[in-house]
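What follows is a single structure, written as structure tokens, with notes after it.
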Amino acid sequence: MYLKNLTLRGFKSFASATTLRFEPGITCVVGPNGSGKSNVVDALSWVMGEQGAKSLRGGKMEDVIFAGTSTRQALGRAEVSLTIDNTDGALPIDYTEVTIKRTMFRNGGSEYAINGDTCRLLDIQDLLSDSGIGREMHVIVGQGQLDTVLHAGPEERRALIEEAAGILKHRKRKEKAIRKLNAMQGNLDRVTDLTAELRRQLKPLGRQAELARKAAVIQADLRDARLRLLADDIVTLTEQLAKEEADEKEVLTRRRAAETSLKQAQERETELEEAAQQAAPALARATETYHALSRLTERLDAVRGLATERHQNLVAVQGEVVQRRDPEELEMEAEEAAAQEEELQSRLEEAREVLETSVTERVAAEDALHREERRLESASRAAAERREGIVRLSARTESLRGRLASNEAEITRLEEAAQQAAERAATAQAEYEMAAEESAGLEEGDAELDQTQERFARQLSAVDAELNQLRDAERTAEGERAALAARKEALELGLAHKDGAGTLLEAGLPGMLGGLAALVQVDPGHETAVAAAFGAAAGAVAVRDEASATAALELLKSEDAGRAGIVIARAIPAVDRAEWPSPPGGVRYAADAVAAPAHLSDAVHALLDRVVLAPGAEVARELVSALPGVRAVTPEGDVFAAEMVHGGTAAAPSLLEVQAAVDEAAERLEAATESAKRVAVELEAKKRERAEIAAAADEITARRRQSDRKRNESAQRLGKLGGQARSAEAESERYAAAAAKAAAARGEDAHKLERLEEELAEAEEIAAAVEEEAPDADHRDELSALASRARATEMERRLAVRTAEERARSIAGRSEALLAQAAQERRAVEREAERRRNRAAQATVAQAVVESARLSLERIAVSLAAAEAERVAAEKEREARDGELKTVRARVRELSVELEKLTSSAHSGEVARAERRMRLEQLETKAMEELGVDVPTLVAEYGPRVPVPPAADADEHAVPLPYVREVQAKRLKVAERQLNQLGKINPLALEEFAALEERHAFLNAQLEDLKKTRRDLMDIVAEVDARVQEVFSSAYLDVEREFAAIFGRLFPGGEGKLVLTSPEDMLTTGIEVEARPPGKKVKRLSLLSGGERSLTAVAFLAAIFKARPSPFYVMDEVEAALDDTNLQRLLVIFEELRESSQLIVITHQKRTMEAADALYGVTMQGDGISQVISQKLDRPA
């Protein structure tokens, strides 16, 4: 086995796929510092399962993925695959080449594969461990590993030897057995506690189970009676509800009709009110239009008068003849005009003051009119609201009156019903007492049946006890058989050693007879003595002839399977026992205690030549002294001879002893199997006996059921009568409570009615008083006329102001004009003509204004008449609408009262139905929750129309009887009394007792199994400890020997040795290293120089490598600190190691490179990516 290929892709500095092909021998990996040489070592560790990031020279495991450079991006995963040549079959897998691959993704995920098949990390570690490559990777010596070895503790050095010796699998086997033992101890304690607790619980639970058997029969009758009574109640209530719901439909029809009529009336009332609200603005607009047109008429009349006067003035001025005047006259007229202008301005100011007074009066009159109109509108709304409130109070009053009447009738009905129910309860109670007396007489005469039934029950109980004992015996026998089978299997595992003898037995070579221990039979008690007498031959393999022995040796060497003893059957001449001295009495030769096949008899006698069995050491010494040439063995395995004594404590049982134990276990297993079969036969016979007794008991039970059926009929009648009495009494109480509740409601309603009547009377008085004081429209009309007069007065005064202003404007500047007239006399003629034209135009305009005002007044007169007619029509429409609204409101009150009565009636019926529905729901809930039966099933199977089947103890010709409530009530009462007489019952006692009894037997069997299995596991642990001690002792001795030799070669004249810290305990002892270089007396490693310490560590590792060779070793710069002399010595060691192992060395030393068979150069350019070149070297022969 050797490493063949290593492929790196994305691992550390190897960004691209890089493959290194190795050959047997020494391969050196060289290159400058930092080029990535050690990454090859890290890749090997990583692909073989290394889990420590620090061991890979990183902070976290993701650091092994290529992190990228300035010229290349980082990769998302790292992948390393290692191909191993397995031609020699060193790895336990059926492939000549094994490829291990490990992949890590940057998100932390990992994948493992063996030959392309996905696997676990544990699978890879298990595969490599069988070839001496453990989890600690002692075959890979990385940078700083030498220092770790130097500073390692004794236990850590022991771990290196254990890993090289392949002890890990034994440790794992022991740890697994100890884990099972620890887990088993807890189970053993729990099972022991549970078994004791169950034993305490069985006796009281058995008594409870007997009571539960009797109660089960009574409870069946009790349940049947309860179901039938409950079904009767549900059917009765359902029929009553159906009838009341039919009556409800008629009331609902009438109520819906009343609701429809009321809704229509209320809608009409709403329409009329909305129409009134909508018409009010139209009436206000008509009135406002009339008054506005009146005001406009007055204004146009004033404009027409002013225009007429203006026209007359212009015509008069136009007719005047302009005469020329002299300047003096004009100046005199100017003075007169100035005085006249002053007078006109004074009159104009007075007219304006009068106009302002008129405007103020007109605004006040209009404000008063608006306030009066708003007051009238508010009063109208308040009156409507008062009328509506009175209607609502009237409806509520009538409704309460109807409810009071209904309550009176309901109270009367409830009182009568309570009285009737009380009478029914008294009658039912009397009948119940009579039926109870009759039932008491039916309970006599069942004593003989009871005694017979109890006798059969005792017989069944005894047979069941015997059955349980047989079942326990069967479980015990089966448990003993299983434990013996497990012991035999465990002991057989102890025979399957993976050593030379085991390899030969597995190979099945021609002439192979088998293991000597398996071929011979030793008398019991002499196994240890005979094994000691055989010595190494106890574990030997027997072959037919010398050729077979030679073939076996060649196989061991070719497969490097270790050493083995071989006994040749035909190579030994027959032994002449006549030459043996006669032993004293009570002592016999060992050959007499061994039986062997004929072809092996001579060989066995030769191996046991003159060996006697001595009872003790003292007798053995005497026999050896008295009988020349005789060897004596004791039962403890101590061998005494004239020239030597061999003995002590055995490291582990011999194969003869183990084989004897296997044979004994096989015999006991066969006996246990026969015992189990015998118990099974007895168990079947006892089961048949129990079936016969159970059949007879069933016949008695049937007869008892017939008797019980007769009593059940009586009990049914009692139950029915008792139920009727209780039901009638409860019904009377319910009716009385309902009557009291109705009386309380009546009192509350009467109080409410009195309060409502007072509120209604008060509201009607207030409404009457307000209607008497209701404002009329006369005051509003007066205010309207007053506002019209104010507007007319304002118009007249406004015209007076405008006339005064016109006159003032006409005379304004007259004096200046007269003064200037003299200067302008010459221009007067020309301007006079122009003025005449203007005056004519103004006169025409004034005439047109007069005509337009006339026409407007005529049209406004028409509009005013239409507005007056519209206002009158709106007033009439309002009066008609108010009359209809009054009628509709009266209809609404009547319908509200009728609807309230119908609603009260429906409410009363709904309350009664709700009570029945509630009662029905309670019964349905009771059926489901207490009895576990839904209503359809209950009515279908237990309803009053379903016949009652005969009782269990009735005559076989008995027929089902019709349902009678009194009978079922009596039946219920009897069952309840019988159940009470039994006292408190545990309903689960039967199941609990059977389960507890079965569990107790099961736990007893399990307890024995656990104890036996624990003993077997303890044997396995002891066997593993012996094997570990044996393998470690052998490995340590070899390593100790190799270390002394290698140290002497690396340090000529020096001395090095390994020392056990606890030689008395080879299972846990540590290992100390003592090194004394030549010329020095120190032994402690800490006092050595750096080179000496490194060389000592190398010597220790090399000693392990040579003592327990591994297929390959990887060393990273282990010789870096050595000088040429020491390096040469180390290379000699490398040359020796290459004979059995493949070496991969990371180095800077040229002399190391010269010793290599192949070179790999690792370089790194400026891109930070490692590259590899290879060169195979031709070594001199």
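Note: Cβ is positioned from N, Cα and C throughout, glycine not excepted.
The structure displayed is predicted, hence computed values, not measured ones.
Per TrEMBL, ATP binding site is recorded for P32, N33, G34, S35, G36, K37, S38, N39. Annotation comment: TrEMBL describes 174-201, 227-278, 330-487, 746-780, 812-931, 993-1027 as coiled coil. Residues or ranges marked as domain 'SMC hinge' in TrEMBL: 510-624. Among the features that TrEMBL reports, region 'Disordered' is placed at 700-729.
Annotated features taken from TrEMBL, shown on the structure.
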residue	record	Cβ contacts under 8 Å, 6 or more apart
P32	ATP binding site	T1163, M1164
N33	ATP binding site	none
G34	ATP binding site	M1164
S35	ATP binding site	V1162, T1163, M1164, S1170
G36	ATP binding site	K12, S13, F14, V1162, M1164, S1170
K37	ATP binding site	V29, V30, G31, D1116, I1146, V1162
N39	ATP binding site	L8, F11, K12, S13, F14, S1170
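Using the rule of three or more Cβ pairs under 8 Å, pairs at least 6 apart in sequence, the coiled coil (993-1027) is not in contact with the coiled coil (227-278). Cβ proximity to the ATP site centre (mean Cβ of P32, N33, G34, S35, G36, K37, S38, N39, cutoff 8 Å) flags the following additional same-chain residues: S13, G31, V1162, M1164, S1170. The average pLDDT the prediction assigns to the coiled coil (330-487) is 74. Its own atom aside, the Cβ of S38 (ATP binding site) has 21 Cβ atoms within 10 angstroms in the protein chains shown. Note: the domain 'SMC hinge' (510-624) comprises 55 helix, 19 strand, 41 coil (DSSP; helix = H, G, I, strand = E, B).
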